[in-house]
């Protein structure tokens, strides 16, 4: 048990709370402590009955059962793996910026969920984070199951197909990828590569609550440290090398 506790405490803070909630809320529903009917995102209940908790619970809840358990565990792994890599990599020392990314993606997904009657938001939010990681490491070669190897930029689409095969919904994964693309475009691509204005900015109260842990300028439109280092190493060119690939499942 101490090993599990040490592992859990080693997870970066924001990912740790997200991971814990994604385990706890389905468990509460599975044990019947709270009826799962109160955990879904139902537009009518949220908009007209003022059940304002539903967008939050729908982000963490997943109906775990014999037919969905494997899909849940796979996406829980994706949450742990890629949120940890983003929080300790591109957003290392900048928890406010990372939390703002999650909030921006979450708000976009909630709005889409209300418009499209999507009752579960766990997978879209996880996929949006995975998409951002894949774009920031787009030229990295990753290994998927059965020894397949490809660039990281294709990983979100491979996982979309993989989740569909094991029982997921293409819509959930697609919405997550599109939201992740919107964030990546507004944060990095448009202001940095196309010379456009910054449309996103982390609120100052988040910096006061979660101050950056190292020097430098924080905020959107500023490349993460990993991108700056890669750009310096490549002479400022457009093609980056962000490290070595890894096998999916390796810690």
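Keep in mind that glycine also has a Cβ here, set from the backbone N, Cα and C atoms.
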Which residue among 128, 143, 169, 226 does Swiss-Prot mark as phosphoserine? 226
Do you know which of 10, 83, 201 is annotated phosphoserine by Swiss-Prot? 201
Return whether the side of the membrane given for residue 153 in Swiss-Prot is the same as that given for residue 190. yes
Of the listed stretches 70-89, 95-115, 171-189, the one with the highest count of C-beta pairs below 8 angstroms to the transmembrane segment (123-137) is 171-189
Quick one: do the transmembrane segment (70-89) and the transmembrane segment (171-189) reach 3+ CB pairs under 8 Å, ignoring pairs fewer than 6 apart in sequence? no
Around the Cβ of residue 202 (phosphothreonine), other Cβ atoms found within 10 Å total 20
Using Cβ atoms and a strict cutoff of less than 8 Å, what residues sit near the transmembrane segment (155-166) while being 6 or more residues removed from its termini? 70-71, 74-75, 78, 123, 127, 130-131, 134, 142, 144-145, 148, 172-174, 176-177, 180
Intrachain neighbours beyond the transmembrane segment (171-189), with Cβ under 8 angstroms and 6 or more residues off its ends: 101, 104-105, 108-109, 112, 116, 118, 120, 123-132, 135-136, 156-157, 159-160, 163-164, 199-200, 220-221, 223, 227
